[in-house]
Amino acid sequence: MSEPLISARGLTKRYGDFTAVDAIDFDVAKGESFGLLGPNGAGKSTTMRIIAATSQRTSGTITILGRDPEEHGPQIRAHLGVVPQQDNLDTELTVTENLFIYGRYFGLSKKFIRTKIEELLEFAQLEEKRDVKVDALSGGMKRRLTIARALVSEPDILMLDEPTTGLDPQARHILWDRLFRLKELGVTLVITTHFMDEAEQLCDRLVVMDKGKIMAEGSPLELIKAYSTKEVLEVRFGSDRNKEIAPTLRAMCSRIEELPDRILMYVEDGEALLEEILNKKLHPTTSLVRRSSLEDVFLRLTGRTLIE
Amino acid sequence: MNSGISVTKIRSFGAIYVAEARISAMLKWKSVIAIVAIGNPLFYLIAIGIGVGVLVNENSGTSGTGGVEYITFIAPALLASAAITAALDEAMFPVMEGFKWRKLFYAMNSTPITGPQIALGVFIAALARVAFTVICYWAVLIAFGVMSVEQSWDVIPVTIFAAGAFAAIIIGITAKVKNDDYFMTVLNRLIIMPMFLFSGTFFPLDSMPIYLQPIGWISPLWHSTELGRYFSYGYPLSATMLTVHFAFLLALLIGGFALANKTFTIRLTK
Amino acid sequence: MSNAVAIADARANRTGHQIYAGRSRAIIERSLIALRSSTWVPIATGFVEPVLYLLAFGYGMGELIGNVTLGDKTIDYTVFIAPGLLATSAMNGAIYDSTWNVFFKLNESKLYQGMLATPLGPLDVALGEIIWALFRGLSYAIAFLAIAAPLGLVPSFSAVLAIPAAVFIAFGFASFGMAITSYFKTYQQMGMINIVVLPLFLFSGSLYPISVYPDWLEFLIQLMPSWHGIELVRNVWFGDLDSGTLLHISYFVVMIICGLYLTTRRLRDLFMR
Ligand SMILES: Nc1ncnc2c1ncn2[C@@H]1O[C@H](COP(=O)(O)OP(=O)(O)OP(=O)(O)O)[C@@H](O)[C@H]1O
Ligand SMILES: [Mg+2]
């Protein structure tokens, strides 16, 4: 493997006494699509900001394109396109003005930007809103504009912090499609998300973070293999009875998770287990057998569900 | 359902709950509010009262200020203007925040609390801040020997009343503002600032050319200042003018509430 | 290799390349676009404040005060305050732009976050914003002079120098403002700025000669930048250029150097939290 594009060792960020990112190590290879997964407050956005050379680390090392962001911030950022978790569009400007001036920040020529704007407006489906002030856009439109803006400089690395929050399903799929195509062109993607389907679709490799630490690392498939069983049986008995029945269920398989509304049972063969439960006349009100997903990995590692 | 929530209770005390929320938000600013409340009168008295006062005295003695020292002349005006500034702070920002910036009023309105109750709650909280400011200011004036306790205690309620009337109208007007891009800048520069400077604050209104005097007539600050002067050092004011000043402020108060109640209701139900 | 990368790499070995990409122009370009589409109202109304003070204090107070002795001259009160008001408005504008304005764009609108996600460095943003504020101060100073001259408040030709002097004063205050803002995290802390600015204005000799005060207070006032700013503008306004003028200029030169040094050092703490 050639030298990694991004490489962090013992990366730490403290705010006062509070450690937001706690000595993490990771590498991202060129052309790879790398995901950061974790519950609220895990330290994902903080890590993203350090990679993007917009936040100073407290200790540890990190290189992006072989350079230290403390020393070469502007040079590194010239390669990046950043979609922050919270839109930070220029509310005093219109849609096209936002795209235009962002290109100017990168030093791109006016001519180049003008052509680029047309392409980006189409991608973001904002042609009709081109001369509208940003304040007057809907939440999803603002999000699409923020994403389009990150592409104006044709970046080598695209940093996406929860890119699809607030997007409708159609816009999400358009974005995924676009990201796939960028990846084919050799663009490296760094993504955080709360959507498991998104992580499974988009990420070649991901890390699960919790409380500033990396809990696990691998491809979605590897993670599922390592941290979950093949299948999951979900049963509901009604919120009062779940607690009462849980001990019985625990004895029937290697691991169960009690959630407020349902119980998850981890097994290799879900149907067989369900049969067994029905034979015992436990009568769940609903039941479902499904394949393990990243959601289960996440639950195992952090003790939390992703989407509350 | 028995959840301890009493709709009738909220119905009758809604405004109090809103005021409580506002006051606890204000308490985050307590040190700033306290320093302003004490520092403001100190600075103005030493700078304008004494500094400019020396110049006035050298030139025209007390003839331009109706026979009293310059500092005595401006003290009630400075008090009135501090009260009105405090009222502006606590009327404009919360309403902007409530409807536009953080949309707090919509959250409140999704409980049984009504629009007019929210307006009243904001008003009550603003009045509390005004009262605090006025009392601190007055105490500094007493300490400086600019006013005497026996003669001037009634300035306090009168000034609070005037600033309250101003708060009411600002609550009403701000609630109407949809686009806040320049509202505050324009209001400050084109309304508040001229009002501060041309309301007979630093010099008698009638020493200005007649065509500028109407700025004072429609300015709550002028009416408040005239009353303040009357009550603090016996500035001569006819019974008619006394009535006019009170009536103007009362009209502002009532008009402000009428506007606020209507606008709050419409805006929250839309 | 895209243009952006080439531009950034070309500077990679210059001093300060960590925080400066040499492109503050882009920030000014942004301000110009914003001016066209939205910020012209607050900017256009910005110059009324000193004019209102001039009218109120000049014509209203003028009646009560009459003339003021300044050195060996006796001058009309309105003429006395005009240069002070020009200096004060330059000071206030610069303080506002480098503190509240910066704080807002940093924490509320997150505008700077967006700018700093590009090759621009914190120094580009700081310089761009300061230069823009100085442009604004320049136009206010010109407008003020254009109003004061026909009113007969400008006794000397050297008063034209009040325009660069105002910009100079603004630069002094702005260079410090951002450094101060970098220490503040909450709106409440920012509120303290307003409390400091008020005595800076009231006790600087803009509305009355500070000789009315006892010597010790006079001495304290003479340490404050606002007094030097006002005296500087007053000197050029009345054509009283002497060693005092030089002192005021030196005061601001030192202030600008210290302010820029401190601001540059604090920029990463301010912008890259
Ligand atoms: N500027 C800051 N000052 C103080 N603490 C901060 C700051 N930014 C982040 N934190 C803290 O650092 C921790 C990690 O925050 P971060 O934004 O990185 O989380 P995240 O993983 O992105 O969470 P989310 O899924 O909610 O976006 C949180 O506990 C947060 O409160
Ligand atoms: Mg985050």
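Glycine residues also receive a Cβ, built from the backbone N, Cα and C atoms like all the rest.
Residues or ranges marked as domain 'ABC transmembrane type-2' in TrEMBL: B:32-267.
Proximity of distant same-chain residues to the transmembrane segment (B:32-56), defined by a Cβ-Cβ separation under 8 Å and at least 6 residues beyond the stretch ends, is recorded for 26, 64-65, 69-71, 74-75, 78-79, 82, 129, 132-133, 136-137, 140-141, 144, 146, 202. What TrEMBL lists as transmembrane segment is B:32-56 (among others).
When Cβ-Cβ distances below 8 Å are used as the criterion, the transmembrane segment (B:68-88) is approached by residues 37, 40-41, 44-45, 48-50, 52-53, 56-57, 62, 126, 129-130, 132-134, 137-138, 141, 144, 146-147, 155, 159-160, 162-164, 166-167, 170, 192, 196, 199-202, 220-221, 224-225, 228-229, 231-233, 235 of the same chain, each at least six residues removed from its ends. Taken from TrEMBL, the feature transmembrane segment applies to B:68-88 (among others).
According to TrEMBL, the transmembrane segment annotation covers B:118-149 (among others).
Feature annotation from TrEMBL assigns transmembrane segment to B:155-174 (among others).
If you look up TrEMBL, you'll see B:186-205 (among others) marked as transmembrane segment.
Taken from TrEMBL, the feature transmembrane segment applies to B:237-260 (among others). Beyond the transmembrane segment (B:237-260), the same-chain residues lying 6 or more positions past its ends with a Cβ under 8 Å from any Cβ of the stretch are 116, 119-120, 123, 161-162, 164-173, 175-176, 220, 223-224, 226-227, 229-230.
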The transmembrane segment (B:155-174) and the transmembrane segment (B:118-149) contact flag, 3+ Cβ pairs under 8 angstroms: yes
